[in-house]
Ligand code: SAH
Ligand code: SF4
């Protein structure tokens, strides 16, 4: 059974939209502490000498208590709350749709306002509850400029990068909806881990290539892992990249989260076809960047994701190639059964083939869990995300792509 709340009707949306972000007010979500203090002073709301203290107070309300309205910040005077509300917002984005799969997986379709010129955009976020953990799969871009041939998101042209606020909003809103803040109730019948936090892990594996939106992703993940706020351990945050080699070292150095590489092939000819960014950053460079990843050790391994495509990359020869390629790198190999989507020419490998492949890798000494497909009934599984967001005008898109190429030029 799939549950789907269609929130496209006015009435149904009102409840969730209560306080949805007003475009004219600046959001305080996603600012660093210093930026938060500066914004308060610049607005004339808070005198300079109080900036640090007020920033700390707001930080606690926003990220520990999870309030989405200044009215709920009880240790701040009524007058100051009203002043804050005139200039700023801490509201959640609009939820267009929430779907709940038979296996408890949830998928939200969020709508964010236009930033500058353009139209509102829509992105998807997925929650995957398991026995001892709850993982939130977060998007970093609307669509993706890369065109991995087996990925649904890749068929959607990039509309724009998400801001740090929008990246964090996915986490905050998911925690709202799951009752994962102090003194909140979990919805009746929700499937969540039996103990501990409902969202215990995050993976940057939703729509988009996080390393093509480095600054916003960095900002959001540093806030998500801040010990006085959302407080997620960096070991429970994984960033997945298709292989943007020049940003891999910075990811370890400046963000310090766990790294996952979408490998999918063990020779350049095949990887060029499956993950076209390989033409720019071939396997030799990618593997060298992995070996140099800061903090890499047996306790902090890199996850290599490998999608199982029937008769494409699933032979024992491929498994041998994989072991050879990763020799000496502290690694986990995550085999992902291909999740089909309308219009794809690929098929998922047979179960028997996947098990043989996994056994081979296991015998070579690697943990090789097969990722159980989750939420397939609501197109929430890996690579199935694709919102119907409005396309950016072609000229804007080309300009943005040119900017990205400039920022990520040949190493
Ligand atoms: N852009 C980043 C993160 C998002 S994709 C990246 O490519 O790493 C998250 C993972 O899902 C990647 O490993 C991606 O290759 C994989 N994936 C994409 N489409 C898939 C599909 N149809 N079936 C299974 N996995 C898929
Ligand atoms: Fe983009 Fe990742 Fe999909 Fe490739 S697999 S198209 S990089 S989202």
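Heads up, the Cβ atoms here are built off N, Cα and C, so glycines get one too.
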Candidates 233, 240, 315, 368, the one TrEMBL lists with 208, 209, 262, 263, 264, 339 as binding S-adenosyl-L-methionine:
240
Which of the recorded positions 124, 151, 263 have a Cβ less than 6 Å from any atom of ligand 1?
151
Are any of the recorded positions 124, 148, 151, 240, 263, 339 near ligand 2, with a Cβ under 6 Å from it, and if so which?
148, 151
Restricting to the recorded positions 124, 262, 339, which ones have a CA within 10 Å of the CA of residue 151 ([4Fe-4S] cluster binding site)?
339
Closest of the binding-site residues to residue 124 (active site, proton acceptor), Cα to Cα, picking from 148, 209, 240, 262, 264?
209
What's the CA-CA gap between residue 208 (S-adenosyl-L-methionine binding site) and residue 144 ([4Fe-4S] cluster binding site) in angstrom, rounded?
5
